[in-house]
Amino acid sequence: MAHRVLHFIADFFVYETAKSVVVKSWSVGIINRVVQLLIILYFIGWVFMHEKGHQLRDTGIESAVMTKVKGLGKFNNHVMDVADYVVPSQGGSSFAVITSMVITANQTQGRCPETEDKFKCTTDDNCMAKLGSNLGNGIITGTCLNTTNGKTGWCEIEGWCPAEDDKVSEKPMKEVENFTIFIKNSIRFPMFNVTRGNFPSSLNQSYIQSCHYDPVDHPFCPVFKVGDILRHINQSLDSITDKGGEIGININWKCNLDYNVMYCNPIYFFTRLDAAFENSVASKGYNFRFAKYHQSEDGTERRMLHKAKAIRFEIIVSGNAGKFSTVPFLINLVAALTSVGLATVFCDIILLNFHKGADEYKAKKFEEVSGDVSESANNRHCEGSQMSIKALEKSSNDSGTFSIGRQEAHSSSNQ
Amino acid sequence: MAHRVLHFIADFFVYETAKSVVVKSWSVGIINRVVQLLIILYFIGWVFMHEKGHQLRDTGIESAVMTKVKGLGKFNNHVMDVADYVVPSQGGSSFAVITSMVITANQTQGRCPETEDKFKCTTDDNCMAKLGSNLGNGIITGTCLNTTNGKTGWCEIEGWCPAEDDKVSEKPMKEVENFTIFIKNSIRFPMFNVTRGNFPSSLNQSYIQSCHYDPVDHPFCPVFKVGDILRHINQSLDSITDKGGEIGININWKCNLDYNVMYCNPIYFFTRLDAAFENSVASKGYNFRFAKYHQSEDGTERRMLHKAKAIRFEIIVSGNAGKFSTVPFLINLVAALTSVGLATVFCDIILLNFHKGADEYKAKKFEEVSGDVSESANNRHCEGSQMSIKALEKSSNDSGTFSIGRQEAHSSSNQ
Amino acid sequence: MAHRVLHFIADFFVYETAKSVVVKSWSVGIINRVVQLLIILYFIGWVFMHEKGHQLRDTGIESAVMTKVKGLGKFNNHVMDVADYVVPSQGGSSFAVITSMVITANQTQGRCPETEDKFKCTTDDNCMAKLGSNLGNGIITGTCLNTTNGKTGWCEIEGWCPAEDDKVSEKPMKEVENFTIFIKNSIRFPMFNVTRGNFPSSLNQSYIQSCHYDPVDHPFCPVFKVGDILRHINQSLDSITDKGGEIGININWKCNLDYNVMYCNPIYFFTRLDAAFENSVASKGYNFRFAKYHQSEDGTERRMLHKAKAIRFEIIVSGNAGKFSTVPFLINLVAALTSVGLATVFCDIILLNFHKGADEYKAKKFEEVSGDVSESANNRHCEGSQMSIKALEKSSNDSGTFSIGRQEAHSSSNQ
């Protein structure tokens, strides 16, 4: 029993390594090394240097954005300041700057005629057909108003009266071009516990108050002029104030944390977010309605309805950070080493098929055991030592000329 | 010196390939090919076709959402339009549609009795015990009001008076079922710089104004009827307007950019977001409070407090895009090729243990070198050529019958 | 023809396995096993147990957050409740709690002097130089007001008058420390279709109304006291109410779905989001402006401008879930198996260079074929059987002593 355990341990610590055939051939040797070199270059250049295959990547960036718009404009002879034109007011990552409004003042609940063209009528039947429509300014009652003398009138609605007439158009607030947006963005890569801000702490108050972002001259300035942004996305002010629009301010963090964290800085770029709908005939632009509510002395509620065309800004923060990590590094390294071994597959094909002396290589590389080998083995054991030469001769044939036809198939199965 | 360099170069360009043993056995040959085939099928079918192992995947989708609700309802004999019931009004990705409100009009700062049951009292001591509570409508002063004749009264509060009494309940605005939500979603995959909108540019204005989304008939219609959404998530209008609720409109982009980008379209699905709390006894539904502020002629500030039950809609955009990329392709290909080689491990186990003639295969596969081989090698060198037959005979034994016991251990260490 | 097909099939089902050299050496055998053991331990411990290399990871967490603040405070002798100090009111994932305000009541459109120090003037020229400035409370007209007797005056502005004077400072609302934030967070891992809420359904109403989150005692309580949060991030109330600030409430879901989904619970942690700008001299804190609009009986619009300092809370939900999946498991397993094979590379270096009897091992491991082998092969074929001993002798030399110098180079190319 102890003997068997000992035997097992001895067997366990036996070392096994592949037997190799060494071919002293300049042509195949050079091809082999060149192919290996190409594979190594590919891994170093592409997998490791370009694709950062040795880094663990944190794509779960956490971000907090604070914005502050500054600027004064004139709309309809009123001076508009931040509290008037920025909605919502809290300075989050998504906000709209109102550039023009259609204001319907002093609305109260009641009944009055529609103003939309699609609710024109000549008889009550025209309006009955539109009962339940969601497209009017109020609930269609089914009555056609102002139709004396056969004139075209409007369907009556129940709701906030008078109805909004959004065909009135005021000149938009052009000063928006000079408005500035201050962006404070602080991000965190939770995997590496790295926190960064979008501008260095060393920037002083007066620089921040006077600078405007420029990718070349002021890459760290966190103040963006609306006019500059429009220029970056090749849009004129008119094209965007005409119907309203959405602008994305992308803050992209791409950090290689193998270097000093000081180099982890964002890149800004700007997009017109509704660009995907640029060629769409329907639903262009951006507008929304809101109301300011008042109460008359007699207690009736009045409201001032605003249909606002606006530029909506969305601060979109994206990014990822990479840092050396053993798991992806080793997986890619093993892939690289294994791939280097694949050069042999390629060279074997050449060596065993297209090289002079291919047959001889085959004879050396492949050693054959036939399915009925056990019988010949038995024979060999029975035969005396004087027969061993012959047996060896046979064995030499086994891995030699005898099996050439055989091996052709093999080499092709290698391909 | 030059000779050594030359020698080194010659050695460097030597080609080395593994020496193979070829077994002409139908059974093992077929098993080998079948196992290889299974491995290849697994990689093609699962890794490459199903899991898209050859693609680089961009999960950092960037999204901008614009929404517009349409519809008219009646609540408490008032007609409510978008400006009244959508909060916030700017048409972002998260908004609430108010379905009922408890309105407490004409509140001013002052002192008045509580309305909540938990602030009932008979003596001032009852109220002193509740000083500092956050659950009342105002700051508890410690006085118990209206307790004449031993009747139960209410604790006095300091704050906006009169206090809200939210036990009043109005019938919710049932018309919400017919409201429509228009969603404009534009996304971007930054890794591939692909921008897409949730509906094709070719849709015309009249289609968008009249269609309602349906997964089968109108998959590209970006207008969603609230009633349809409720049907999709198996909720009745009553169940959601009763206490308010949260509905998620998921827009899922799963794009295979190896095909034409035209096939990169979203799939919509709907969830009740508070479903995780469905069985919770506490904190059901969704409501919030807001106030509209007025100023009396005498300068005192008054407010109109609204406790609103609402359906909150959240547009959740998710998705990823894949595109052929060499790095993941090669890593998976190398894994595949290496795995194909693992068939040999499996077949060796069979061949060397369970196949007839296993001993002979072992003899062929393994060639032994013992730790004290150097001595026998020295002997061989000293002996004359007449001895070489015997030496060879021994060598033949080395890789033959002699080491069978040995090899058993080997094959088991292979397992 | 049929013969060739048969031949091809026979060749196809031939089994090929690498020929191995077995070395019975305790030292190399033990080194080999130890290296293999280290590699296996590394993969089990790090790749599989720590990095969960066998799991598919869903990082695209979908989240919906509902918040509700409770508490009553006093500011400027007014009692403030939720409707007064929470902006926006809808209970989303980002909201501000106003702690102090500078209120400028009864503003109307008109002309009046500035209040900011940078718009002090003695002559109109001072003000002309500031035309177009975005930093004032209104549009600079270019006139200097109140300069009689050489006294310093202020530039005139056109806009909402009187201009805000934010140098007035009221005591902040200290009661914010006792405010509580109730957070309802429901998440979903789309890849595995797992939905979870941040507290169990079994919690009852009275527990939720009375508990305060504590990482040790009440880890499932979804109610957070502002004072507790400030303690967690080591901030005093004064430091944050002084200039306002941003606090992040991170809800981190890290779920191992190989276990029961009941163990998939969030971890909360708190950060001061503007920490990245802590040392910045510029733009500290958090404040924003909003206005409440009133209408006088005579129809002129008045507003009440609020400059609010606030604590902004951002609920940041992050996380990922892992579940066993065959693709990452197999890729890592193949990497593991391949890596185990790399032990051979290491041991070959030792065996072929630093071990006694290295030459003999080389002779066994490497079998040489020279580039001009075909000639000698031809010779062999021509020679009779009586020559075969010599040929074999030569062959034995081929893989023996003859090529030792040769093999040195090889082993070094292995390094």
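Yeah, the Cβs are placed from backbone N, Cα and C, and that goes for glycine too.
According to TrEMBL, the features are:
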BINDING   B:K68, B:V69, B:K70, B:T180, B:N287, B:F288, B:R289, B:K307  ATP binding site
DISULFID  B:C112-B:C161  disulfide bond
DISULFID  B:C121-B:C144  disulfide bond
DISULFID  B:C127-B:C155  disulfide bond
DISULFID  B:C211-B:C221  disulfide bond
DISULFID  B:C255-B:C264  disulfide bond
CARBOHYD  B:N178  N-linked glycosylation site
TRANSMEM  B:30-49  transmembrane segment
TRANSMEM  B:329-354  transmembrane segment
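Listed recorded positions: B:C121, B:T180, B:C264. Those with a CB under 8 Å from a CB in chain A, in sequence order: B:T180.
When the disulfide-bonded residues B:C121, B:C161, B:C211 are compared by Cα distance to B:F288 (ATP binding site), the shortest distance belongs to B:C161. The binding residues for ATP are recorded as B:K68, B:V69, B:K70, B:T180, B:N287, B:F288, B:R289, B:K307; their greatest pairwise CA distance is 25 Å.
Cα of B:C112 (disulfide bond) to Cα of B:V69 (ATP binding site): a span of 40 Å. When the disulfide-bonded residues B:C155, B:C161, B:C221, B:C264 are compared by Cα distance to B:N287 (ATP binding site), the shortest distance belongs to B:C161.
In space, B:C127 is the closest of the recorded positions B:C127, B:N178, B:T180, B:C255, B:R289 to B:C121 (disulfide bond), judged by Cα positions.
Remark: B:C161 (disulfide bond) has B:Q107, B:T108, B:Q109, B:G110, B:R111, B:C112, B:G138 as non-local neighbours, by Cβ distance under 8 Å and separation of at least 6 in sequence. Residues within less than 8 Å, Cβ to Cβ, of B:C155 (disulfide bond) and separated from it by at least 6 positions along the same chain comprise B:P113, B:E114, B:F119, B:K120, B:C121, B:N126, B:C127, B:K130, B:G136, B:I140, B:T141, B:G142, B:T143, B:C144, B:L145.
The binding-site residues near B:N178 (N-linked glycosylation site), taking a 10 angstroms Cα-Cα threshold over the set B:K68, B:K70, B:R289, B:K307, are B:K70.
Proximity to chain C (Cβ-Cβ under 8 A) holds for B:F288, B:R289 out of the recorded positions B:K68, B:V69, B:C144, B:T180, B:F288, B:R289.
According to DSSP, B:C121 (disulfide bond) is assigned to a strand segment. Other Cβ atoms within 10 Å of the Cβ of B:R289 (ATP binding site), summed over all protein chains shown, number 23. When the recorded positions B:K70, B:C264, B:K307 are ranked by how far their Cα is from the Cα of B:C211 (disulfide bond), B:K70 comes first. Each of the recorded positions B:N178, B:T180, B:N287 was scored by the number of other CB atoms within 10 A of its CB, and the lowest score belongs to B:N178.
Listed binding-site residues near B:C255 (disulfide bond): none (candidates B:K68, B:V69, B:T180, B:R289, B:K307; Cα-Cα distance within 10 Å). Long-range Cβ contacts of B:C264 (disulfide bond) within its own chain (separation 6+, distance under 8 Å): B:V194, B:R196, B:W253, B:C255, B:N256, B:L257, B:A321. B:R289 (ATP binding site) sits 34 Å from B:C221 (disulfide bond), taking the CA atoms of both as reference points.
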